[in-house]
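Participant: Dropping a structure here in structure tokens format, bear with me for questions.
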Amino acid sequence: MPLAFKLFLLTWLWPVALLNGSNFPDSKKQTEVPLNNHRKQGSRPEFRMKKSDSTKSTLIKSEQLLRIEEHDFAMRPGFGSSAIPVGIDVQVESIDSISEVNMDFTMTLYLRHYWKDERLSFPSTSNKSRTFDGRLVKKIWVPDVFFVHSKRSFIHDTTMENIMLRVYPDGNILYSVRITVTALCSMDFSRFPLDKQNCSLELESYAYNEKDLMLYWKNGNDSLGTEEILLSQFFIEQFNPFNGLAFYSSTGWYNRLYINFILRRHIFFFMLQTYFPTMLMVMLSWVSFWIDRRAVPARVSLGITTVLTMTTIITGVSASMPQVSYVKAVDIYLWTSFLFVFLSVIEYAAVNYLTTIEEMKKLKSKKIPVTYDTTQAMAFDGCFHDNDIDLTAFSSIPMNPEGRPPPRRNTAVNLPSEGHRLRRTRSLKRSVEYIINNSHIIDSYSRILFPFAYVLFNIIYWSLYS
């Protein structure tokens, strides 16, 4: 009898053992486990249901929740009806560079789009949105906004693509992307470096005109956010958004959004690098007016050095600027200063030439002794030396016994009475002849005229451009 009972029990438990052995650990089916493995012989085993793990329950796929497979997202929302409104707001992160040579600027920003697509609405009891990355963006419709006049741009992809898509239960969508864009900025350098530049970044839909898509600033003037942006050469005076329309003859009118900003250049850098060295070179050229006119090597070397230095400054400034067809403010200052330096060299050339002519006339009129070695006197500096002339060889004026010179033969001229001053008037021709015969006076006049003219030029220049 006990043997028969054991066989009956083994036959009854065998299918249950096979059923428990066929379940894997990752199976999601509910399993039956014995309550107590240590049971008495002849007792009936008890079983209970194991609760499933809620963290391992099957979630609904995003494509199924948003019913992506049920719609054609190649078409815009509300196709065939009025234009879909797409709101835009921008957060400017930084202005990376501004290039005068290429006439462009590089900006990093967060571009956010807002629109409603009822095809992506989903049921939700908590009314919470769902956030996705760039993988879902490729499966739905998004606005085709691009940057007008952009030279190059890219979406940041470290460590993943900087794209965020947020879908709300009612179908409202927020699409945000982080972009760096290099765009054209038409600059006017007529007042450089005392200039202001007006640049703008323009956004527009590429395929949809105003009948299909309406771009607008989401929060009006508050749609453009800027952090504290510091630039090395510019100060940002203004940052404001506005909108407009753009017309293309083949496709019609398009909504266009503008991010406009005004840049004012810092002048201190150019004062140190350009203006101050130029002023010093001009003043250095005036030193030659105080050097003896017979010191030819000193004055010539000083003039050539200042001319070459001014040429180097002008070349350096031109290399860092675009090749424009109009005159810039810095060109006016540099070339005027170069003219002052060049005229100081020409002034000495005139002084040296007139000195030579003056002494040659003295030689021809025999005011210089015949024994005077002119070749030796001109060997060093190219002109005669007045102090080398022995003036004792000339006859003196005869004197009467009273120690006064004899009166002139022409006594018909009535001399003025006492109390009247004699005024000697010179014609222009006589004044020029006087200067030619006394060339050292040119240096005396230059010491006053050159600084006075340069100071006057600076007053006019800075009053016009500052």
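Yeah, the Cβs are placed from backbone N, Cα and C, and that goes for glycine too.
So TrEMBL says this about it:
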COMPBIAS  43-54  compositional bias 'Basic and acidic residues'
DOMAIN    68-266  domain 'Neurotransmitter-gated ion-channel ligand-binding'
DOMAIN    274-365  domain 'Neurotransmitter-gated ion-channel transmembrane'
REGION    28-56  region 'Disordered'
SIGNAL    1-21  signal peptide
TRANSMEM  267-288  transmembrane segment
TRANSMEM  300-320  transmembrane segment
TRANSMEM  332-354  transmembrane segment
TRANSMEM  448-465  transmembrane segment
Participant: For the transmembrane segment (332-354), find every same-chain residue at least 6 residues outside the stretch whose CB is under 8 Å from a CB in it, and list them.
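Facilitator: Result: 274-275, 278-279, 281-282, 285-286, 288-289, 293, 296, 299-300, 303-304, 306-307, 310-311, 313-314, 317, 382-383, 435-436, 439-440, 442-443, 446, 450, 453-454, 457, 461.
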Participant: Given a Cβ distance threshold of under 8 angstroms, which distant residues of the chain, six or more beyond its ends, lie next to the transmembrane segment (448-465)?
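Facilitator: Cβ under 8 Å, 6 or more out: 191, 194, 282-283, 286, 289, 329, 332-333, 336-337, 340, 343-344.
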Participant: Please spell out the DSSP helix, strand and coil residue counts for the domain 'Neurotransmitter-gated ion-channel transmembrane' (274-365).
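Facilitator: The counts are 77 helix, 0 strand, 15 coil.
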Participant: Give residue numbers and ranges for long-range contacts of the transmembrane segment (267-288): same chain, 6 or more residues beyond its ends, CB-CB under 8 A.
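Facilitator: Sequence-remote neighbours of the transmembrane segment (267-288) are 193-194, 233, 298-299, 302-303, 306, 309-310, 313, 317, 330, 333-334, 337, 340-341, 344-345, 348, 446-447, 450-451, 454.
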